[in-house]
């Protein structure tokens, strides 16, 4: 009985605020505590807000590219760490965990100092490098954990049956890693969308991201169209989750 009540409380705390947000986004009234009827008014205003829409497009593009880059490099890194023995491997593993535990403000200052020292103009490229870098350890650890659970004899059996090294990797290893790769990509995409601290330090005047735009708006009062935007982003995240699960199921 206690465990059931505890789980109910946990799910209530997790999902009730999201359901309230979705409901408010369809409320015709500006007052979130007064229901003025069902309306798409704030979605229409959102589409007419060019600054907010531009920031949303920038954020989505940054999230996709940073997650893809982090997933590609992270998967290759995890494979190398799992398959090969080399000097400094324990140090590299420790550095990955250090980056994950490091406060965002420390990483932000480090990235800013690096870009200034290299003469890199702050903007999309600096954001891409920073986001891909802090997402990289999450992908490496996710894929590495999956690699540790795969029987190495599967690749040996494929090669014994006449498959080349590349063919064995593509048809045996990649399908087995697909759930971890998809999870790493989705996690990286979410982290990129959610980042505020690092983006504040390494963004430039020519490329505005959504979290910073919303933060500047909230200081002047939260506008109802932000609720509509949050609902759309939630829907996008759910769609990506469904697509990834369908791809994983198809590969299986």
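Counting begins at 1 with the first residue displayed.
Including glycine, each Cβ sits where the backbone N, Cα and C put it.
Predicted automatically and left uncurated, TrEMBL annotations should be read as such.
Model, not experiment: these values are computed from the prediction.
Sequence-distant contacts of the transmembrane segment (7-26), counting only residues of its own chain at least 6 positions beyond either end whose CB sits under 8 Å from a CB of the stretch, comprise 32, 38-40, 42-43, 224, 227-228, 230-231, 234. The transmembrane segment feature in TrEMBL is assigned to 7-26 (among others).
The domain 'ABC transmembrane type-1' feature in TrEMBL is assigned to 56-244.
Long-range contacts of the transmembrane segment (60-82) within its own chain (CB-CB distance under 8 A, at least 6 residues past either end) are made by residues 89, 92-93, 124, 127-128, 131-133, 135-144, 147-148, 177, 181, 184-186, 188-189, 192-193, 209, 236. Feature annotation from TrEMBL assigns transmembrane segment to 60-82 (among others).
The annotation transmembrane segment is assigned in TrEMBL to 94-118 (among others).
Per TrEMBL, the feature transmembrane segment maps to 124-147 (among others). Beyond its flanks by at least six residues, the transmembrane segment (124-147) meets 58, 62-63, 65-67, 69-71, 73-75, 77-79, 81-82, 96-97, 99-100, 104, 107-108, 111, 115, 176-177, 179-181, 183-185, 187-188, 191-192, 195, 198-199, 202-204, 206-207, 209 of its own chain at Cβ-Cβ distances under 8 Å.
Annotation comment: TrEMBL describes 168-187 (among others) as transmembrane segment.
For 226-248 (among others), the entry in TrEMBL reads transmembrane segment. Under 8 Å from some Cβ of the transmembrane segment (226-248) lie the Cβ atoms of residues 18, 21-22, 24-25, 32, 42-43, 45-46, 52, 56, 60, 178-179, 182-183, 185-186, 189-190, 193, 210, 214, 217-218, all in the same chain and six or more residues away from its ends.
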